[in-house]
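Listed in Swiss-Prot:
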BINDING   C38, H63, E64  Zn(2+) 1 binding site
ACT_SITE  T40  active site, charge relay system
ACT_SITE  H43  active site, charge relay system
BINDING   C93, C96, C99, C107  Zn(2+) 2 binding site
BINDING   I175, D195, R200, L262, G263, I264, I286, Y287  NAD(+) binding site
Amino acid sequence: MKSLAKLKAEPGIWLTRTEKPKLGHNDLLIKIKKTAICGTDIHIYNWDEWAQKTVPTPMVVGHEYAGEVVGIGQEVKGFTLGDRVSGEGHITCGHCRNCRGGRTHLCRNTVGVGVNRAGSFAEYLVIPAYNAFKLPDEISDDLASIFDPFGNAVHTALSFDLVGEDVLITGAGPIGIMAAAVAKHVGARHVVITDINEYRLDLARKMGATRAVDVSKESLKDVMTDLGMTEGFDVGMEMSGVPMAFTSMLESMNNGGKIAMLGIPGSDMAIDWSQVIFKGLTIKGIYGREMFETWYKMASLIQSGLDLTPIITHHYNIDDFQQGFDMMRSGQSGKVILDWT
């Protein structure tokens, strides 16, 4: 089958042919229709330090997808041939304390689709049926293919009560932008998002952010004054992994504020703990999506009118994958979709 794989331990990704994956007793075989390029895929493409330590070669990569069930393992119940599905990219062990305690997303033995095992940038993917999510008819393949990062946004945004609250999001990547859209949709008052990438800040405006702030040109304090905010933000979402952004967030939070952190700093990051302690801040680390509460929330948000279509900015046929990766790496895009049909 045709696939995109990390064939060599060097920058790049290659269109190649690999064997069709074998179906296990508890698995689904999925014919891939659409895939989306993730920031993780860019790390793997660039072959940075994280990728070198984490990703085996050769291996088919990718973990954001939508497809159709074309094979069902003999022990699987609840799926039929032709079902449209996306799927959870974190495969969990099922036997550790967190898995058995219903906190599956915190499994200590997680294996990543397209990171530690064969991924979805291929004509076919095999995953455990437990990880598949059946798609409602009104959710398009395009939208379903970005459910993985949308889930990161939803998990982060819904970690704390947002109704009537003022929200600060640092980092206007696709996940940060989708988190802004979720926050407005569920009833936040002001949603302010910061970055230095004007293309993506403009996308955030289209997705409903109250203010999208280029912090290289505009002061966050001035924006708060313009919005009539006198006490700081109630909820923060750190999506950038940039130490300066987190420092700014700590300074801008109201006493008793709550921060959800998804962005991963590139190295050790100094924190002014006096801000955390004297303001009584709560900081929560976010990893992946809650299985599968986040997935049902995602579908419900779209069914209730949340419009994510502006975040999908580019489409390419899989044969033109290099253009898609170049576009993602440029920073001048939202989500980039690769078509396998």
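From the backbone N, Cα and C atoms, a Cβ is placed for every residue, glycine too.
In this structure, of the binding-site residues C38, C99, I175, L262, I264, the smallest number of CB atoms within 10 A of the CB marks I264. Comparing Cα positions, R200 (NAD(+) binding site) lies closest to E64 out of the binding-site residues H63, E64, C93.
Comparing the recorded positions H43, H63, R200 on other C-beta atoms within 10 angstroms of each C-beta gives the minimum for H43. Residues listed for NAD(+), I175, D195, R200, L262, G263, I264, I286, Y287, cover a largest CA to CA span of 23 Å. Among the recorded positions listed (T40, I264, I286), I286 has its Cα nearest to the Cα of C93 (Zn(2+) 2 binding site).
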